[in-house]
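K.L.:
Starting off with a structure, shown below.
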Amino acid sequence: MATSAALRRALLYVPSSSPRFLTKSLSLTTDNLTYDLEDSVSPSQKAPARTLLHTHLSSLPSRPPTIRELAVRINAITTPHCLSDLTTLAFLPAVDALVIPKVNSAADLTFVTDVLRHVSPSRHSSSSSPDSKEKPIKLIALIESALAITNLPSICAASPYLDGLIFAAEDFALDLSLTRTPGLTEFLYARSAIVTAARAFNLPSAIDLVCTEYRGEEGERRLREESKGGKGLGFNGKQCIHPSQVGIVQEMFAPSKEEVEWAVRVAIADDKASAAGRGAWTLDGKMIDAPVSGKARAIIKKAERCGFDIESIKSQWQSQEPE
């Protein structure tokens, strides 16, 4: 069940064990910045990293304006670190979301939800008003195993705070003894299952795998190729492991200028067609009906959130007529 319509084109991980990275992160521009306590932090540094992150987040007067959402990736609930992560960090006002790794069943999210209600009751009370300034912490579940894919329906229905799913390709490949290839065809079933489940349960975010290549022209080419493929499957965001990936990912997962202009033309002409009692019509020789106009309006809505000047584009195409 979704708690918002978050925009998470890029989800950038920052290791929480590095004071330098924590300080530098505040100057970044990204839809989502996720401070990591899991994979990027060695076992011996879990507790110091948690303390360091608590100090860092406690010192923030507000979220930096260039960052839409601050999240924390906690340790898996099967580890001895998870409960301490939650009780130390979940009550901090700066935390907008929690990324939950290795979610295999609904019980994993039920556990986190119960802890949130105890640790931060003012944000997670069933009687909280939708207009309350204290918004609940959103949960984003990492899907990393065959068991998780099998349990997707129950996982998606497990918590009122669940706001998205993330595909963790490397752990999934390990679980199934797969070898990752450039074409990513070995992940097609799992990726399709994740985006389908997210849409079926009205979760705002379906976030794709990490591109492990990010240096030089080849890294950029690979990142663009993966982003295009993920968007084509239905993902609306991608995990990033380096700040240099964020700009490209957010560009690739935003509507293109051509898409936005097409959508505006369709919406303008559709309003005129509806006023004339026409249910279907054509534009550029292609039939436009309710599903197509609905897609166009969804593109416009997302484009506005991505910074497009929709009113200016509407002014440019105000004379568009249905054909």
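Indices start at 1 and increase along the chain as displayed.
Cβ from N, Cα, C; glycine included.
Automatic prediction, not curation, is the source of TrEMBL annotations.
What you see is a predicted model, and the numbers here were worked out from it, not measured in a lab.
This is the feature table in TrEMBL:
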- Arg73, Glu144: substrate binding site (BINDING)
- Glu144, Asp171: Mg(2+) binding site (BINDING)
- 9-243: domain 'HpcH/HpaI aldolase/citrate lyase' (DOMAIN)
K.L.:
What three-state class does DSSP give Glu144 (substrate binding site)?
P.N.:
coil
K.L.:
With H, G and I counted as helix, E and B as strand and the rest as coil, say where DSSP puts Arg73 (substrate binding site).
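P.N.:
The residue in question, Arg73 (substrate binding site), is strand (DSSP, three-state).
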K.L.:
Same-chain residues six or more away whose CB lies under 8 A from the CB of Arg73 (substrate binding site)?
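P.N.:
Tyr13, Thr34, Tyr35, Asp36, Leu37, Glu38, Leu98, Val99, Pro101, Leu142 - these are the non-local Cβ neighbours of Arg73 (substrate binding site), listed in sequence order.
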